[in-house]
Amino acid sequence: MKSGRFIGVMSGTSLDGVDVVLATIDEHRVAQLASLSWPIPVSLKQAVLDICQGQQLTLSQFGQLDTQLGRLFADAVNALLKEQNLQARDIVAIGCHGQTVWHEPTGVAPHTLQIGDNNQIAARTGITVVGDFRRRDIALGGQGAPLVPAFHHALLAHPTERRMVLNIGGIANLSLLIPGQPVGGYDTGPGNMLMDAWIWRQAGKPYDKDAEWARAGKVILPLLQNMLSDPYFSQPAPKSTGREYFNYGWLERHLRHFPGVDPRDVQATLAELTAVTISEQVLLSGGCERLMVCGGGSRNPLLMARLAALLPGTEVTTTDAVGISGDDMEALAFAWLAWRTLAGLPGNLPSVTGASQETVLGAIFPANP
């Protein structure tokens with residue numbers, strides 16, 4: 001069974017940077033050693049946003065973007081290696097999620113698409129890459145997402161305490177770690193995505209630091225109720241979503257009914273939308289004693305305060321409190337999934353994704369000989 005140093009690479013729906021994490025992994029433990037966040041050039045970020053909102057592009061443009069993202073991921077890995085004074089031979093493999101540009105797990109031809117050419121990463125780092133993690137699960141009738149609950153269960157499950165792990169990235173997803181029950185998990189809806197999109201358009205800021213804008217505004221209750229009427233929120237699990245659905249166009253359609261509103265009030269309402277949709281799903285799933293939050297949203301003081309208020313009797317904390325950096329959780333998960341792939345172990349949970357069976361995930365791109 002492969003063990004040793006692995007690197008995880010994650011570029012999420014929030015597009016706030018490439019997260020790269022170094023860890024030692026074996027069948028008994030996952031120990032994080034180092035991490036860094038690598039910036040995404042504005043031009044690449046905008047190109048990804050355009051695709052996710054349905055903008056057409058030529059096959060040549062698409063291929064170039066795939067290559068450029070692969071090179072970007074390789075640069076991020078090489079920067080971490082240099083920082084840690086490591087060589088390619090010191091790393092067993094890289095687990096790279098890729099950049100999701102479309103996720104449509106239902107319909108006549110279910111599919112999901114993550115780009116960032118793994119061949120570029122393997123060639124430019126000299127390290128074996130495991131990627132394309134989601135499509136085997138979809139081929140077996142699953143949603144292809146979320147995949148991180150398996151990792152949450154391996155690291156954070158408790159024999160007696162009802163726990164849930166909440167990742168608030170661009171999309172928010174929940175892992176249900178309930179003793180005596182199969183692991184559950186699904187996407188609850190928007191996490192930071194709509195908040196980030198709104199403040200970017202209104203103030204040119206990548207995100208609402210310390211929720212300053214949202215705290216200066218007031219929740220517009222009719223707008224909140226209008227958004228909560230979206231059928232995704234009442235759809236039963238298994239379910240997953242992404243930027244192709246909850247994007248700026250989605251927000252604009254709801255705002256048409258509310259002309260002339262204060263932008264800060266919209267920001268406050270979007271924060272409340274995230275908090276309410278998460279808390280409702282926690283309660284519908286039977287509640288928990290401890291909700292451990294990770295992802296960029298765990299740094300949003302308003303979101304954390306609202307979750308605590310909406311979930312009385314639940315200890316709302318961050319995964320940092322149990323020794324796992326909330327900023328690095330997803331990248332760490334894909335390093336772990338790469339380890340499982342090389343070990344020939346399944347990486348999905350049918351109780352989460354709805355797949356017909358467990359399966360080894362991903363494709364392997366060997367290092368240069």
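Including glycine, each Cβ sits where the backbone N, Cα and C put it.
The model shown is predicted, which means the values in this text are computed figures rather than measured ones.
If you look up Swiss-Prot, you'll see Gly12, Thr13, Ser14, Leu15, Asp16, Gly17, Val18, Asp19 marked as ATP binding site. Secondary structure at Gly12 (ATP binding site), taken from DSSP and collapsed to helix, strand or coil, is coil.
Sorted by the number of other CB atoms within 10 A, the binding-site residues Gly12, Gly17 start with Gly17, the lowest. DSSP assigns Asp19 (ATP binding site) to a strand in the three-state reduction. Of the listed binding-site residues, namely Leu15, Val18, the sparsest Cβ surroundings within 10 Å are found at Leu15. Residue with the densest Cβ environment among the binding-site residues Thr13, Ser14: Thr13, by other Cβ atoms within 10 Å.
Within 8 A of the CB centroid of the ATP site residues Gly12, Thr13, Ser14, Leu15, Asp16, Gly17, Val18, Asp19, the other residues of that chain are Met10, Ser11, Ile40, Gly169, Gly170, Gly296. Counting only same-chain residues six or more apart in sequence, the Cβ atoms lying under 8 angstroms from the Cβ of Asp19 (ATP binding site) belong to Gly8, Val9, Met10, Ser11, Gly12, Ser35, Ser37, Trp38, Asp327, Asp328, Glu330, Ala331.
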